[in-house]
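S.K.: Right, I'll just put the structure down here and ask away after.
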Amino acid sequence: MATLIRGKLSNKLSNAATAVSNKSQAKVSGMFARMGFQAATDDEALGFAACDDLDYDHRQGMQMDILTSDEIGGEGSGDGDALEGDSHYQRDGTGPPSSASKDGGPNNELSEVRPKITAWEAGWNVTNAIQGMFVLGLPYAILHGGYLGLFLIIFAAVVCCYTGKILIACLYEEDEDGQLVRVRDSYVDIANACCAPRFPSLGGHVVNVAQIIELVMTCILYVVVSGNLMYNSFPNSPLSQKSWAIIATAALLPCAFLKNLKAVSKFSLLCTLAHFVINVLVIAYCLSRARDWAWDKVKFYIDVKKFPISIGIIVFSYTSQIFLPSLEGNMQRPSEFHCMMKWTHIAACILKGLFALVAYLTWADETKEVITDNLPPTIRAVVNIFLVAKALLSYPLPFFAAVEVLEKTFFQDGGRAFFPDCYGGDGRLKSWGLTLRCSLVVFTLLMAIYVPHFALLMGLTGSLTGAGLCFLLPSIFHLKLLWRKLQWHHVFFDVSIFVIGGICSISGFIHSLEGLIEAFRYNVED
């Protein structure tokens, strides 16, 4: 009897001590949540949530207070301080609904709630996409296009803004009450909907191929511009442009081992700010030579052979359509998307036009493919080193995106995959997955070595995938999906954009391809 009484007293004391410990931890964690301390990463947040969920039965068995959230109106059996417990380990400082019901409901599975972005943040993302380092090739487009090149910078901004809007319109359909409902989530979904029911996946394959080409060509351009900038920064060095490209690629080989972009993404804002400063420095230098500007060199005539390449350069500098559906879906107020697109493209049009014109007026016929190569040697070396750093830090983003598309298409597409999965059960990268990534890095190097022409590669990419993703496909999709609801002027715009975009795309592609073949032959013979 005495032993039984001592056992019960011991259990009660243990339960009481555990409850007190739990409440004190709840108070501390709630205090830290109010002070703004949160889980460091998404993985840690999910880990804490999983621990809470798995510990539920153990708490129930010990008759502990179940910590709940005020947002769902739950009532804990403890005092009010316990309401601010473990459920607050989240990025935004607010926890998920507690696991009060284990039999059903949305709380059975852990779901990560991604925070929505504002219109300003969405505009910043679009600005980063359409005002990157490839604007350095725009003065070269003015060299071969004159005032018509400036007109094209404005025209491309207007068209890309319009096609971005109609692409988003293709994501929505009206329900029975006449309300617009988002029924698609991506560019691929729109393409598949247009090709259904005969070829339900054809459109998605076309978009994926165009996306892979654009991403890989972007990687090649980063290697080309790195080799070009380093070679022109140190002209007295015994290293050639090809040698600098090899050195740059050697620094990029660790990209083959990337599993995520957490480490790289930390540098994205710094790189963008550095590039903005570089653009300001170039414009400031050009303004310092305003007295020598060659206004008489800006003509209305065009170079018939090289101007189509300039069209591709201009179009490529505006490409952002591929990620717009995802961006709009993550906005707090999707209704502000149109306004955001309008102002970002107006700003891009003004800044690009001024940058291209001022730079061309400064160097006129001596304007080079990458405008920073025209700077004096002292300034050029500093500016180019910053640009090379930005190019190398920007390379992993399109590289990782291209790898993901390839792996999903050929290695992870369920039973339809052509090859086995690149990852083992423990999440480690298998040998053929690593081979794929290394091969992609080496391929970008070989292209940069044998075709080291920034303008030609940029023109080819813009004419092929840029015009297709920004001009041709959005117009076709808009006409196909919303034909019965379109007004006559929308039909006119879509048809006009398709025709003009098709002509520009074909002419730019042919001339760029001819230039690349000629350059490739020259480098092979050399």
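The backbone N, Cα and C atoms fix where each Cβ goes, glycine too.
Annotations per TrEMBL:
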DOMAIN    116-512  domain 'Amino acid transporter transmembrane'
REGION    69-111  region 'Disordered'
TRANSMEM  148-172  transmembrane segment
TRANSMEM  212-231  transmembrane segment
TRANSMEM  243-260  transmembrane segment
TRANSMEM  267-287  transmembrane segment
TRANSMEM  307-324  transmembrane segment
TRANSMEM  345-363  transmembrane segment
TRANSMEM  383-406  transmembrane segment
TRANSMEM  434-451  transmembrane segment
TRANSMEM  457-479  transmembrane segment
TRANSMEM  491-510  transmembrane segment
S.K.: Do any residues, 6 or more residues outside the transmembrane segment (243-260), come within under 8 Å Cβ-to-Cβ of it, and if so which ones?
M.R.: 223-224, 226-227, 230-231, 388, 391-392, 395-396, 399-400, 403, 427, 429, 434, 437-438, 440-442, 444-445, 448-449, 452
S.K.: Please identify the stretch among 148-172, 212-231, 267-287, 345-363, 383-406 with the greatest number of Cβ pairs below 8 Å relative to the transmembrane segment (434-451).
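M.R.: The stretch with the most close Cβ contacts to the transmembrane segment (434-451) is 212-231.
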S.K.: Okay, the transmembrane segment (457-479) and the transmembrane segment (148-172): do they have at least three CB pairs under 8 Å, pairs separated by 6 or more?
M.R.: yes
S.K.: Grab the same-chain neighbours of the transmembrane segment (383-406) for me: Cβ-Cβ under 8 Å, and only residues 6 or more beyond its ends, written as numbers and ranges.
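M.R.: Same-chain residues near the transmembrane segment (383-406) but 6 or more away: 132-133, 136, 208, 211-212, 215-216, 218-219, 222-223, 225-226, 229-230, 232-233, 248, 251-252, 255, 258, 261, 264, 267-268, 271, 274-275, 278, 281-282, 372-373, 375, 436-437, 440-441, 444.
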S.K.: If you count every Cβ pair below 8 Å, which range out of 212-231, 267-287, 491-510 shares the most with the transmembrane segment (307-324)?
M.R.: 491-510
S.K.: What else in the chain is close to the transmembrane segment (457-479), if you only count residues 6 or more beyond its ends and a Cβ gap under 8 Å?
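M.R.: Those are 134, 137, 159-160, 163-164, 166-167, 169-170, 187, 190-191, 194, 206-207, 210-211, 213-214, 217-218, 220-221, 224, 308-319, 321-322, 447, 451, 486, 490-491, 494-495, 497-498, 500-502, 504-509, 511-513, 515-516, in sequence order.
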S.K.: Below 8 angstroms Cβ to Cβ, which residues of this chain, lying six or more residues outside the transmembrane segment (267-287), approach it?
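M.R.: Result: 128, 132-133, 135, 354-355, 358-359, 361-362, 371-372, 375, 379, 383, 386-387, 389-390, 393-394, 397.
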